[in-house]
């Protein structure tokens with residue numbers, strides 16, 4: 001037996017603060033997570049839980065970072081050196097009171113002013129949500145492979161990060177599916193595009209102009225230079241492979257559409273915005289999963305039907321920012337099929353390009369029925385792949401030209 005040499009190591013999903021809380025609760029020392037004899041006496045405010053006034057002095061109930069909730073203590077405001085947390089506390093309190101139209105704090109016996117327990121409970125939930133979303137944002141930015149930032153925002157409800165979603169940067173193929181077909185040749189250009197550049201070798205024109213903006217019509221494929229091409233990273237035919245160039249924000253929508261994505265920067269017309277990635281599965285498996293997703297009201301299946309309908313991308317559990325992009329019947333993003341290191345026509349990469357100028361702060365959307373230059377409406381249901389012949393989902397995009405259904 002090799003013993004520990006053959007062991008698997010699984011990363012811990014608990015946060016550092018949670019591990020510290022467990023150690024302190026059990027009176028354990030662990031130098032690797034900062035629980036030492038010295039640090040057992042260290043205190044830092046994580047968030048504020050409650051408020052009261054006793055004998056003219058204002059007190060806040062403090063949750064200490066890295067300590068269990070059983071260690072919460074009431075502290076006079078003059079001792080607290082956390083202006084941002086105080087601001088968050090007051091903001092959350094006023095937000096809740098404005099929603100339920102409660103005018104002021106309740107008065108209790110002994111002339112003690114205190115928050116309604118319902119209000120205090122909301123403030124704690126909001127504080128925990130804020131921390132969870134911050135950790136999620138940090139996780140997303142650790143895992144992404146592009147320079148642009150990903151932000152997270154929820155000013156609508158108490159929903160936290162999705163529990164069963166894992167960020168990936170490229171396709172995650174199911175067993176038996178090869179998304180890299182072993183290409184071993186590339187163009188010999190030193191200054192693309194030349195006569196023998198990748199698009200022309202494939203029988204198509206270069207997809208981008210000199211300003212690196214898309215110049216081809218929807219429905220035509222994009223052939224980018226690959227890892228075997230002689231051209232360097234600044235080649236004008238390397239756009240999608242560089243990843244999202246814009247800082248984006250995953251935000252909670254206020255009209256029941258769950259999470260959405262908005263851009264934090266202005267995006268010009270015909271610009272690459274992001275790829276749609278997820279698990280690559282067979283169409284048969286997509287049919288099985290589709291029945292489950294319909295019951296949950298989710299839509300994450302994207303048929304790879306550029307040349308055939310053998311495979312589907314499922315972004316339900318594995319995906320990138322595109323997982324959170326909502327549908328619109330009047331979208332500002334268009335789907336294009338891209339081939340780089342895999343020239344298998346059954347397995348194109350899916351890229352989303354802007355159809356018009358998109359202002360900073362505007363939500364990004366694409367048409368879930370969009371197939372290159374073909375717009376599949378409800379009247380063409382007979383032509384859909386098996387994974388699309390399912391229960392119809394009501395559309396909430398709000399566009400003037402809304403078709404009424406997502407599928």
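Any Cβ shown, glycine's included, is placed from N, Cα and C.
Residues annotated as Zn(2+) 1 binding site in TrEMBL: 187, 189, 192, 197. Sequence-distant neighbours of residue 197 (Zn(2+) 1 binding site): residues of the same chain at least 6 apart with a C-beta under 8 Å from its C-beta are 187, 189, 206, 225, 237.
Summarising the annotation, TrEMBL assigns Zn(2+) 2 binding site to 187, 198, 225, 229.
What TrEMBL lists as Zn(2+) 3 binding site is 192, 225, 231, 235.
Sequence annotations record features per position, and here TrEMBL assigns S-adenosyl-L-methionine binding site to 257, 258, 259, 326, 327, 368, 396. Spatially close to residue 258 (S-adenosyl-L-methionine binding site) yet at least six residues away along the chain are 252, 324, 326, judged by Cβ distances under 8 angstroms.
Taken from TrEMBL, the feature Zn(2+) 4 binding site covers 329, 395, 397, 402. Long-range neighbours of residue 402 (Zn(2+) 4 binding site) (same chain, six or more residues apart, CB within less than 8 Å of its CB): 329, 330, 395.
The domain 'Chromo' feature in TrEMBL is assigned to 43-101. The residues of the domain 'Chromo' (43-101), classed with DSSP into helix (H, G, I), strand (E, B) and coil, number 24 helix, 22 strand, 13 coil.
The domain 'Pre-SET' annotation in TrEMBL covers 185-243.
Annotation source TrEMBL lists domain 'SET' at 246-369.
Annotation source TrEMBL lists domain 'Post-SET' at 391-407. Within the same chain, residues 255-257, 294-295, 297, 299, 326-330, 365, 368-369, 377-378 sit at least 6 positions outside the domain 'Post-SET' (391-407) and bring their C-beta atoms closer than 8 Å to a C-beta of that stretch.
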Near-site residues: Zn(2+) 2, ref 187, 198, 225, 229, CB cutoff 8 A to centroid: 186, 189, 192, 197, 224, 226, 228, 230, 231, 235, 237
Which of the binding-site residues 198, 229, 231, 235, 397 has its Cα nearest to the Cα of residue 259 (S-adenosyl-L-methionine binding site)? 397
Counting by DSSP secondary structure, give me helix, strand and coil numbers for the domain 'Pre-SET' (185-243). 7 helix, 4 strand, 48 coil
For the domain 'SET' (246-369), the number of residues DSSP places in helix, strand and coil: 18 helix, 49 strand, 57 coil
